[in-house]
Amino acid sequence: MEDFVRQCFNPMIVELAEKTMKEYGEDLKIETNKFAAICTHLEVCFMYSDFHFINEQGESIIVELGDPNALLKHRFEIIEGRDRTMAWTVVNSICNTTGAEKPKFLPDLYDYKENRFIEIGVTRREVHIYYLEKANKIKSEKTHIHIFSFTGEEMATKADYTLDEESRARIKTRLFTIRQEMASRGLWDSFRQSERGEETIEERFEITGTMRKLADQSLPPNFSSLENFRAYVDGFEPNGYIEGKLSQMSKEVNARIEPFLKTTPRPLRLPNGPPCSQRSKFLLMDALKLSIEDPSHEGEGIPLYDAIKCMRTFFGWKEPNVVKPHEKGINPNYLLSWKQVLAELQDIENEEKIPKTKNMKKTSQLKWALGENMAPEKVDFDDCKDVGDLKQYDSDEPELRSLASWIQNEFNKACELTDSSWIELDEIGEDVAPIEHIASMRRNYFTSEVSHCRATEYIMKGVYINTALLNASCAAMDDFQLIPMISKCRTKEGRRKTNLYGFIIKGRSHLRNDTDVVNFVSMEFSLTDPRLEPHKWEKYCVLEIGDMLIRSAIGQVSRPMFLYVRTNGTSKIKMKWGMEMRRCLLQSLQQIESMIEAESSVKEKDMTKEFFENKSETWPIGESPKGVEESSIGKVCRTLLAKSVFNSLYASPQLEGFSAESRKLLLIVQALRDNLEPGTFDLGGLYEAIEECLINDPWVLLNASWFNSFLTHALS
């Protein structure tokens, strides 16, 4: 039969039939009769439409091939033979332009003259039986049905045959020829008997055995069988029933289900106010490193030794002064704290043996910066039960902040490549089980795309700082320990490199509960002048501490070196998660893997190699005001990683709430794009829930602005 089909039908029709069967997961080598039936149906649809046009006067005319008027409008739009997504797009566009009612099932054609969808049937049985099955399935007065048989019979809605006698005769003759050709090859009987009735997927899906018992047991009360329940669900009209049930609950409750259309959603309202400020625990794009290559000094690997060695590489120190004060802080104390660090590091160098850790003297400036003795005294509740006006002290509502451009710049920078590698190949962790070839191949490809990414540097920096701070918090609870902020990487040539970003001084850290806070002062090197974006640095006091010679296109230039100082705090649970930041690599690898899986299932083979090595292909990486941005697979890996890393660096209750609530709206919009006709109730309440998370957090505000870009393009 397969050979017959390939000889008998036009190659384009055969190819479309192959695609259709693949889309529905059917094997044409096994289902050969189905293959022949699909080709026949496609050919009838094309013949139905051939030569029929509409002229300038809106009349239907027949134009044979080679006629000079071939630029006329086609009378029929062919829907059959397109892939499902495209077919629904065509149907929706017809409904929008003509006002036709949207059909429940995909029809085969649209007739622009009669303004109606047409369902074409080709049957090997009695035409009237097949006609009734079709009518029963589509249950729509609006869709016109036209059935042809291989014996030359036909049947159409209200005996309206749409086409002229000659066009229909052409179709009948072709069907008769196909039947004769099959019969002469001994294929007809099997083909005729193989036709099943018009079935929907649900009807064909028989539930038997244990599953059937479970289905019957799990019905809602008052339903005796699955059939009863199905019939009830099929005929269910949601609005009245749900409203009725709700009105029994409370007078205030109503939930009328409103259709969710393209015009329904509005953009999220982002707050107004002063621009938002940087709130990460360490500097990101603005950080500056003092580095040593191929470290081999005594005590290499001991943080304090490494830090001192890095500090010695810089000779441009100068008398520090405040260039951007902290509005609410005592800025001279920040200045004195830095001078104290320099002085105490100098003292260490003068000692014969450098100690492994350094505890700072508890000076007044450090006590102030670390909030020593600032916490209100805790009193046992039993001792003050009788106090009349006992209350929790008032806290102000957080001030609303607007989105600032710096956070998008931070994100863009995080996606970029640096000239160093921040992870070794095995950083993502070996699999415990005997590793599959595909899994390790994917991991190696992914690692090579992200190992040089700036977001990966942030991961390693975050892991180091949080580990060091948690260790010190447990080991030296009462001390103001000096903790260098260090990272390690490899240069392009494979040489090891140790980097110093600055220092942290931790405060008292008697951390009993996971959420108990340890205060710390961070002091970080930078070449960024804070006066360019003062709003970003609201929480910092910035000092100018030296001049650095930078190699540039015009030779060496001297640039001022700044120190960004601020008081900050963290907790055991936050440090625990900070130490686990490598998980971001795993999360983004899994996202990439699901993209590869989707591609592989379409192509029916593993596409890992093609996915990473086909440099010409682009993939969507996100939405911007310009539309959907596309880029190389490497950029997609790095963008997904950066998103995951920023979710960790800027973790907050606002982000938790925004992610959970905006996801609901996202799913509704996606359902609309997939033509699933979603309905909603209390959409206003959903918007409220999303927008109450838009307060002042830079990362949440950026995500909300991306979400608005998505809404614009998804619905345009």
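Every residue gets a Cβ built from N, Cα and C, even glycine.
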Motif 'Nuclear localization signal 1 (NLS1)' per Swiss-Prot - which of 60-75, 124-139, 444-459:
124-139
For the Mn(2+) 1 site that Swiss-Prot describes with H41, E119, I120, which of these is also annotated: D27, D83, D108?
D108
Taking the Cβ of E119 (Mn(2+) 1 binding site) as the centre, count every other Cβ atom within 10 Å, in any protein chain shown.
22
Can you tell me how far the Cα of H41 (Mn(2+) 1 binding site) sits from the Cα of E80 (Mn(2+) 2 binding site), in Å?
9
Please list residues from the chain of I120 (Mn(2+) 1 binding site) whose Cβ is under 8 angstroms from its Cβ, counting only those at least six apart in sequence.
H41, V44, C45, Y48, E80, D108, L109, H146, I147, F148
Taking the mean position of the Cβ atoms of H41, D108, E119, I120 as the Mn(2+) 1 site, which residues outside that list, in the same chain, have a Cβ no more than 8 Å away, listed in sequence order?
V44, C45, E80, P107, L109, I118, G121, V122, H146
Where H41 (Mn(2+) 1 binding site) sits in the secondary structure, as DSSP reduces it to three classes:
helix
